[in-house]
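To start, the structure itself, in structure tokens.
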Amino acid sequence: MAKKHGGALPVKKNDLIQLTIEDLTHEGHGVGKVDGYPLFIPNALPGEKINVKVIKTSKNYGFGRLMEWHEKSPNRVEPPCPVYDRCGGCQLQHLSYDGQLAAKQKQVQDVMARIGKLPHVPVHPTMGMEEPWRYRNKSQVPLGMSNGSVIAGFYAKRSHEIVDVNHCIIQEKVSDEVMSLVKQKANELGIQPYDETHHKGVLRHVVIRYGRTTGEVMVILVTRTNDVPHMMELIDVLKENIKGLTSIIHNVNKQKTNVIMGEKTTTLWGRDVIYDSIGDIRFAISARSFYQVNPVQTEVLYKKALEYTQLTGEESVVDAYCGIGTISLFLAQKAKKVYGVEIVEQAIEDAKQNAELNGIDNAEFEAGPAEVVIPKWHKEGKKADVIVVDPPRKGCDEALLATILAMKPKRVVYVSCNPGTLARDLRVLEEGGYETVEVQPVDMFPQTSHVECVAQIVLKND
Ligand code: SAH
């Protein structure tokens, strides 16, 4: 874009300009253009006319600060959270929920056209929640020290500074209770929170997991040291005060790292797992297993994925990037056979146990990279009528896409947490003889800018 200006940018640092916001980035920043040069403006919304101070410029884009409104978006709302400005957890609380759903749909439409070269693919309105608050079943709360007191909350935007909070309105209420209680007791008992800079102190994180359909609660105390002073008192106060508590876990993380949990996990009280169900399938969730954070919308997403597979009971299905087998087990009820593959060995162990827990005997799981295991299956002569993929943000590995094209399943169902890589991979499938029928965004993360989609893809002329 800079070329258009012969090297000179249309704005420079500290310029005061008027701008009309046209779009929203995937981080939730407003975008306006000056002679085609995009400026990103935190907190600005599409349709708004504003005064902006240019803060930073680089070759292809710049950043500005919203100084004053000439015209506000009708979709602008007062963010209900008092620390919304500082906390890094949410990005879209200043946009009405309908506005959020529409923005997510538009974002998917835009990348389908731009990256997927699929401007005509139907992208449906985002399926949202009736009550888009208090949905998170897992909270990971760092503890720290400020002015001589223990604080607990969430990291500020792009930082490891802890914003002290007692209520987080996107997490389950029980998380608020545990978070406040642990903070209060740590203060009273003099349990030192972890000091990241000096790698000192004891209590690093408290992690809360909740089984929505069972009401079961797991509390995981992550500490730097094996020994924790006053641990028994802490356990007692949790047992006395937290309704539904079924499990208290101790995890030791001695490393200087951003990774929350360490290798050593012991059960201090109660069970090793809590249970939750999605649809008819029951899952055992241990301290470290991956589990979707919004169980209500997970069911909506999986139902859509199941619909897109069009299973009749005769099909052989491959579920790539299967995690603890959530999608695999959901599909196994309607398929002849499901093969799940996942890179984390512990998740595969969980998947096998979850199959057993539900009496499902037509699902098989193998640990390994999908791009290695599925080509191996293909070589061995395994057939797939349907392949489901649910990769991490970077999308599918090229080798996996090539294998899908070689295996020629009748249908591919692509679950994605990153519309950009989804669109890129759909293009590869299109070139290989597939057609994208439709894309359905599902709001798994209300108030945040994360976008989840499921796409139905079919083999052409078959
Ligand atoms: N389908 C599951 C998990 C999706 S998250 C669910 O809905 O719950 C994506 C998963 O891909 C993670 O579990 C991650 O461990 C796994 N993964 C990442 N890279 C992989 C690879 N190369 N091969 C197989 N699995 C991989």
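In case you wondered, yes, glycine gets a Cβ from its N, Cα and C as well.
Bear in mind that TrEMBL entries carry predicted annotations, made automatically and left uncurated.
The feature domain 'TRAM' is assigned by TrEMBL to 10-68. Per TrEMBL, S-adenosyl-L-methionine binding site is recorded for Q292, Y321, E342, D390. The feature active site is assigned by TrEMBL to C417. The active site, nucleophile annotation in TrEMBL covers C417.
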Separation of alpha carbons, E342 (S-adenosyl-L-methionine binding site) and the residue listed as 'active site' (Å): 17
CB-centroid shell, 8 A cutoff, S-adenosyl-L-methionine site Q292, Y321, E342, D390, site residues removed: F290, D319, C322, G323, T326, I327, P391, V415
Other C-beta atoms that fall within 10 angstroms of the C-beta of D390 (S-adenosyl-L-methionine binding site): 23
Coarse DSSP state, helix versus strand versus coil, of D390 (S-adenosyl-L-methionine binding site): coil
Nonlocal neighbours by CB distance (under 8 Å) for Q292 (S-adenosyl-L-methionine binding site), same chain, sequence gap 6 or more: I278, T298, T326, M444
In three-state DSSP terms, the structure that Q292 (S-adenosyl-L-methionine binding site) belongs to: coil
Max CA-CA distance, Å, over listed S-adenosyl-L-methionine-binding residues Q292, Y321, E342, D390: 15
E342 (S-adenosyl-L-methionine binding site) in three-state DSSP notation: strand
Summary of DSSP states over the domain 'TRAM' (10-68), given as helix, strand and coil counts: 0 helix, 33 strand, 26 coil
Residue among the recorded positions Y321, E342, C417 whose Cβ has the most other Cβ atoms within 10 Å: E342
Per-residue pLDDT averaged over the domain 'TRAM' (10-68), given as an integer: 95
